Amino acid sequence: MGTPLAAPGLLLLLLAGTAGLCRALFSLPLRVSHPAAPAGSPPAPVVLRPASGSRQQEDAPGAADGLALASDPGGSLNFLAMVENLQGDSGRGYYLEMLIGTPPQALNILVDTGSSNFAVAGVPDPDVTSYFNPELSSTYRSQGIEVTVKYSQGSWTGVLGTDVITMPKGLYGSYTINIATILESENFFLPGVKWHGILGLAYDALAKPSSSVETFFDSLVRQAEIPNIFSLQMCGAGLPVSGSGTNGGSLVLGGIEPSLYTGDIWYTPIKEEWYYQVEILKLEVGGQNLELDCREYNADKAIVDSGTTLLRLPEKVFSAVVQAIARTSLIQEFSSGFWTGSQLACWDRNEKPWSLFPKISIYLRDENSSRSFRISILPQLYIQPILVIGDNLQCYRFGISSSTNALVIGATVMEGFYVIFDRAQRRVGFAVSPCAEADGAPVSEIEGPFPTADVATNCVSSISFHEPVLWIASYALMSLCGIILLVLIVLLLIPPRCQHRYTDNDVVNDESSLVRHRWK
């Protein structure tokens, strides 16, 4: 994008890469430049290199569609007791305190709607402050099953077992849960994290070593007899993504807490029950449609994942968004490293850069398929403060990145909303979160309904229709495999069954995971 516009007090700070931002203390060489800015130009950044059927208005406590929408403080479900039961930030994730075993061992557990295993550190690790010791729990039962989860970056291996858990700010009572004790890990626990395990809240289709492992939330639904729904609020809008303190949040198990949202809840169908896969119809930047085929937004899936720090977009969509932001921003020239995540942009602490950038809107298909609604995030959510230099400089990162295999609605977007994961009715709901404010002003919006006549009736496809060559290659490979199989049968004179069995060591190619995209 070229060199940033110059401004008085401009500083250029060079850093080999962004990985160092995740660590503790480091020194940065500075180069000072004092050119005059054009009259009336905006402050330039310093560069640091390193209403439809789906709307539901909850006006009063009660039940709707068979789901708990408010709670009796004296009953078995007390949603108010779950308010502000999370701590963390978008850079390092939001975590919940749990007591595991007998006597109880207290651990902080990362909340992740993009995976399905419940796993905790089971041995000492230099990057975690606590771990679960099964030998100290009289109720722990090992199943003797090894489980390995591998990510594109980071992995862990552990042993599957069961034990009782309680949640000080969750459901009343104790519950027996499948739990993997992590015995070995690589780039999973990183310096600076304040959690000691991961709570996967997605469907059992993603569970390892197989979908027969009952997930944490399925166990709660069965044992506590709560509705098959949970909701999530993360309160980090406009705050440092990896500061020294922590922000709040709420994980409500079994229903919806009315105090955690304002206005209506808008629902979009869950397209497939593995991740929380939804259907994106279009994106707008500054009110301008990107004019892409809607299948591009869903290539090869679009999911809602609290374990992803950023809004991640398929490469073609990401390029279009960056171009649109650069075109509509008051800063016409911008270093390309800022968009790719290799640079931070820094302004004087007295200046707020958010007014220089446009809002971004994501259109989701409504439960009424002929309609849609849009969720919008203001720049306070995607131009994220991350680092303070000296007394006068605040540095920001771009809270959007490219992806090779998914559009991921991660913490960058989710911090603007109260998100309802209504598994009972296969839908995800969005409502404006009252904690999504910066300087007293809301930083997120929901609007609708809008007609869908200008988009395809189905934007989710398992194949890439704009590349028919893949069809030809697929049929050619299938024919070749058939010939080879026939030759083997003739040579061996036996009818072996051609079947693939997944093993414990199968790789989970989950680029949406926080393991890869968190900032440390």
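Glycine is no exception: its Cβ is also placed from the backbone N, Cα and C atoms.
Cys435 is paired in TrEMBL with Cys235, the candidate among Cys22, Cys235 named as its disulfide partner. Here TrEMBL annotates a disulfide bond for Cys294; of Cys346, Cys395, Cys459, the partner residue is Cys459. Residues 36-67 are the range that TrEMBL records as region 'Disordered', among 36-67, 100-131. The shortest Cα-Cα distance between Asp112 (active site) and any of the disulfide-bonded residues Cys235, Cys395, Cys435, Cys459 is the one to Cys235. Looking only at the recorded positions Asp305, Cys346, Asn368, Cys435, the one with its C-alpha closest to Cys459 (disulfide bond) is Asn368. Here the candidates are the recorded positions Cys294, Asp305, Cys346, Asn368, Cys395. The one whose C-alpha lies nearest to that of Cys235 (disulfide bond) is Asp305.
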